[in-house]
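This report refers to the structure that appears directly beneath it.
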Amino acid sequence: MLYKGDTLYLDWLEDGIAELVFDAPGSVNKLDTATVASLGEAIGVLEQQSDLKGLLLRSNKAAFIVGADITEFLSLFLVPEEQLSQWLHFANSVFNRLEDLPVPTIAAVNGYALGGGCECVLATDYRLATPDLRIGLPETKLGIMPGFGGSVRMPRMLGADSALEIIAAGKDVGADQALKIGLVDGVVKAEKLIEGAMAILRQAINGDLDWKAKRQPKLEPLKLSKIEATMSFTIAKGMVAQTAGKHYPAPITAVKTIEAAARFGREEALNLENKSFVPLAHTNEARALVGIFLNDQYVKGKAKKLTKDVETPKQAAVLGAGIMGGGIAYQSAWKGVPVIMKDINDKSLALGMTEAAKLLNKQLERGKIDGLKLAGVISTIHPTLDYAGFERVDVVVEAIVENPKVKKAVLAETEQKVRPDTVLASNTSTIPISELANALERPENFCGMHFFNPVHRMPLVEIIRGEKSSDETIAKVVAWASKMGKTPIVVNDCPGFFVNRVLFPYFAGFSQLLRDGADFRKIDKVMEKQFGWPMGPAYLLDVVGIDTAHHAQAVMAAGFPQRMQKDYRDAIDALFDANRFGQKNGLGFWHYKEDSKGKPKKEEDAAVDDLLAEVSQPKRDFSEEEIIARMMIPMVNEVVRCLEEGIIATPAEADMALVYGLGFPPFHGGAFRWLDTLGSAKYLDMAQQYQHLGPLYEVPEGLRNKARHNEPYYPPVEPARPVGDLKTA
């Protein structure tokens, strides 16, 4: 053994060839600060070996290196800029020394090589991969950019266009694409990986392969003509501006850095990467996006723990076809759980099957599946008008009309047709689960399972625990939701549960702004362009459906009369009374026409101003700051109340539900992350300016207490140790 660290070791293989093996405790390898330091020590040992002829890098895990240790990021990002810069210089010196070894090097890459894992293998001369490879640089999705030389080496290896596509979008690619663009030199079966890598290494040692020529372009300026450079970087900057926008500075920073570094050799280019990385790491956007990643891991880990002793349902059923029922049926079947889809009429069943077939055909058109796979999936969706086969069902989700009497009757009837251990769930969006459970003989086998539309796109499923729902019931539906590729978050029962309960105060803030004379067009523009929502409130109401929102608003008002009951007619009432139901009938706040692709395109409609004038004060202008404050304060206050009342368990789960269920702008990280970034004391000062607007603007007592000491909701993060300590971590 030449060297042994906690996460990697170095040993001789044969005749002057050494192997460096990543083998961290646990199931995956991560390129954390300790591993970077250990890698530097191992390379130091290699540099002393006069008889070294070649080096093989490999992993003892199912994945090569999944990336940097993101749990370290928040503390690393708190160290002063100069100190973070020093540590990056140290880390890059390690990869430079790997790249500069006086012998050929090869990485045998299996599974994932992401972020720092990808940057590590970019420093070797050759890369051989297995078919399950996923390789790329996802850093821009975390609000940063590659910091271990990825923005320098990848463009010089692949050319500017391919590298920019991966780096700016935070993409990873599979084995075939990696081979096509030159990111790997070959792909072999897993059992042949080491044998194949050794064969390439021997050829390089023997002079049959010119490894020095392979290495040289990575050390030099990027080979691009002036015209090529102008085209590549201009197109990339245009694409980034269109897709990422001003709220996500990392992608455009990465593109500009690669452009600026193109004319330099490795050392100067790495210095530019360092100078760009460090300021990004100190942005609120990076902290928020890293926070989302960590919260996502926490939520998934919680679901995994909850379901460890539960068998995933093998047969499901959906009550109610149509768009929602068809979407749930498709998602279940697509992920391998057969589903019976029951409705009371043929037309609805046909609509449900058409929805599922449409989604499968999109997969076919994109080349994700072939005709055989399509036929196989669709054959596992069984449409029916009766309860045939329900005795085999493990879980049933009801997705019928949002009417408590109808839901109770259908659920009670279904309970008599299934096994005593079958779980029943309702896809209701607002009706309390404990109320629906009153109609059942086995309420312990019942819970809520709130999907979001469109089902195939929206990652969140709210799992609602009723007063009598058993732990096993909750675990079974969490297991099914996870199997469907969704992110299940368990909440306790109340009107609207979590997501809709906090959404309707936001809509109430919108209605009050309109009542006071604000223009809905400006509100939409401010909330989209300035705050960052994917849709402004008027547009969102049109998509949800004005009729749906009108009904849900009444349910919420009955559930929380002290805050959500109103004594005036608002914009939603006015549009509902005028039969303007939004996108579904082409008229809402906006007027909708189909574009060339058959998708609804919104246009202005002067008629809506006359309707709104009946329920509004004369038009007046509001500042962007006031619009954002008046829209967000009711939502944030309600989010805090849900945490204080135990409706949602943690700030992490609340923020993920908002991001995944409502499209809360990820660069803010969720309501609690936004609140922490703003500071609870500053938030209280802002909210108190608007408390005259009513109970929705009154800050909950728990938040007031935090504001007295400006306490955050997330646990405070300590800065990482000084850079000298990090080097030897």
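Residue positions begin at 1 at the first shown residue.
Note: Cβ is positioned from N, Cα and C throughout, glycine not excepted.
Pulled from Swiss-Prot:
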ACT_SITE  His450  active site, for 3-hydroxyacyl-CoA dehydrogenase activity
BINDING   Asp296, Asn500, Tyr660  substrate binding site
BINDING   Met324, Asp343, Ile400, Val401, Glu402, Lys407, Ser429, Asn453  NAD(+) binding site
REGION    1-189  region 'Enoyl-CoA hydratase/isomerase'
REGION    311-729  region '3-hydroxyacyl-CoA dehydrogenase'
REGION    708-729  region 'Disordered'
SITE      Glu119  site 'Important for catalytic activity'
SITE      Glu139  site 'Important for catalytic activity'
I'd like to confirm something. Which of the recorded positions, Glu119, Glu139, Asp296, His450, Tyr660, has a Cα closest to the Cα of Asp343 (NAD(+) binding site)?
His450
Round to a whole number and give the Cα-to-Cα distance in Å for the pair Asn453 (NAD(+) binding site) and Asn500 (substrate binding site).
13
For Asp296 (substrate binding site) and Glu402 (NAD(+) binding site), determine the Cα separation and express it in whole Å.
30
Relative to the Cα of Asn500 (substrate binding site), which of the recorded positions Glu139, Glu402, Ser429, His450 has the closest Cα?
Ser429
Euclidean distance between Cα atoms of Glu119 (site 'Important for catalytic activity') and Tyr660 (substrate binding site), Å
30
Rounded to the nearest Å, what's the C-alpha distance separating Ile400 (NAD(+) binding site) and the residue listed as 'active site, for 3-hydroxyacyl-CoA dehydrogenase activity'? Just drop the number here, would you?
12
Averaged over the region 'Enoyl-CoA hydratase/isomerase' (1-189), what pLDDT does the predicted model reach?
97
Relative to the Cβ position of Asn500 (substrate binding site), how many further Cβ atoms are located within 10 Å?
22
Helix, strand or coil at Ile400 (NAD(+) binding site), per DSSP?
coil
Which has the fewest other Cβ atoms within 10 Å: Met324, Ile400, Val401, the binding-site residues listed?
Val401
